[in-house]
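Below: the structure, in structure tokens.
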Amino acid sequence: MTFPNINPIIFSVGPLAVSWYSLSYVVGILFGWFYASKIIEKFPTQITKKNLEEFVTYAIIGIIVGGRLGYILLYNPYKYFSNPIEILKTYEGGMSFHGGAIGVIIAAYIFCKRHKLNFLSLTDIIAPVVPIGLFFGRIANFINGELYGRVTNSSIGVIFPDSDLNLRHPSQLYEAFFEGLVLFCILAYAVFKRNTIKKQGLNSGLFLMFYSLFRIIIEIFREPDVQIGFIFDSLTMGQILSMPLLLLGIYLIIKTECRSITK
């Protein structure tokens with residue numbers, strides 16, 4: 001299948017341009033905010049709706065600054081340091097999930113310190129929400145024809161306009177499905193059917209573990225960034241960055257369950 005060359009800019013009014021990438025962030029944040037509010041309503045904790053409203057600004061800054069700096073430092077430092085003006089062109093893409101995650105974690109830590117809130121209580125509310133943003137972000141990647149997969153002979157292969165005209169795995173859609181929809185359903189089941197909110201740290205651990213597993217597996221089908229290629233002959237940067245998160249997720253789950261047993 002040949003992918004249509006879709007303009008990354010949806011529309012523009014004078015100097016203001018609205019891109020698919022920007023829209024995915026806005027929609028993801030709005031839907032995420034709404035969903036987190038519903039979780040707080042059903043499962044009251046130390047975190048209130050007012051806390052959530054105040055944290056949204058922190059989260060946006062963490063996502064944008066962390067995501068952009070993460071991509072620049074981890075994936076393409078030479079390009080941006082040699083032409084710093086490119087750093088500001090976030091509408092063209094170039095955001096790192098791992099960088100954004102670190103940005104939000106730092107933002108959450110600062111917010112909790114200032115408001116005397118428990119850090120894991122907040123991240124347990126955030127964790128079930130993140131797959132919403134991941135879903136819309138990967139759909140935007142697909143529309144932009146970027147971050148595509150490796151060459152394939154499969155019937156589901158797509159010829160992307162900016163690639164080498166070979167059929168390639170639509171790995172953006174794989175990620176949207178597993179890291180977005182499937183992970184959302186797993187965490188929704190955990191929250192609403194298993195009441196995991198009462199086990200501090202469990203939602204955070206489940207998110208980290210399942211996201212990392214899905215990312216490590218899907219990276220097998222995703223084309224490595226051309227400026228980095230493979231690391232240690234077979235691993236991608238995404239896989240390497242996901243491994244510590246996987247271990248942290250498993251640690252949080254075990255710690256939470258052990259704490260529940262001893263109570």
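Quick reminder: no glycine exception, Cβ is built from N, Cα and C everywhere.
According to Swiss-Prot:
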TRANSMEM  16-36  transmembrane segment
TRANSMEM  55-75  transmembrane segment
TRANSMEM  92-112  transmembrane segment
TRANSMEM  117-137  transmembrane segment
TRANSMEM  172-192  transmembrane segment
TRANSMEM  201-221  transmembrane segment
TRANSMEM  234-254  transmembrane segment
**Q.** Cβ pairs under 8 Å between the transmembrane segment (234-254) and the transmembrane segment (16-36), at least three
**A.** no
Q) Apart from its near flanks, which chain residues at least 6 from the ends of the transmembrane segment (55-75) lie with a Cβ under 8 angstroms of it? A) 25, 29, 33, 81, 87, 90, 94-108, 110-111, 122, 126, 133, 225, 227-228, 237, 241
Q.
Give the nonlocal contacts of the transmembrane segment (16-36) in its own chain as ranges (CB under 8 Å, at least six residues past its ends).
A. 6, 8-10, 52, 56, 59-60, 63-64, 90-93, 125-126, 128-130, 132-137, 139-140, 143-144
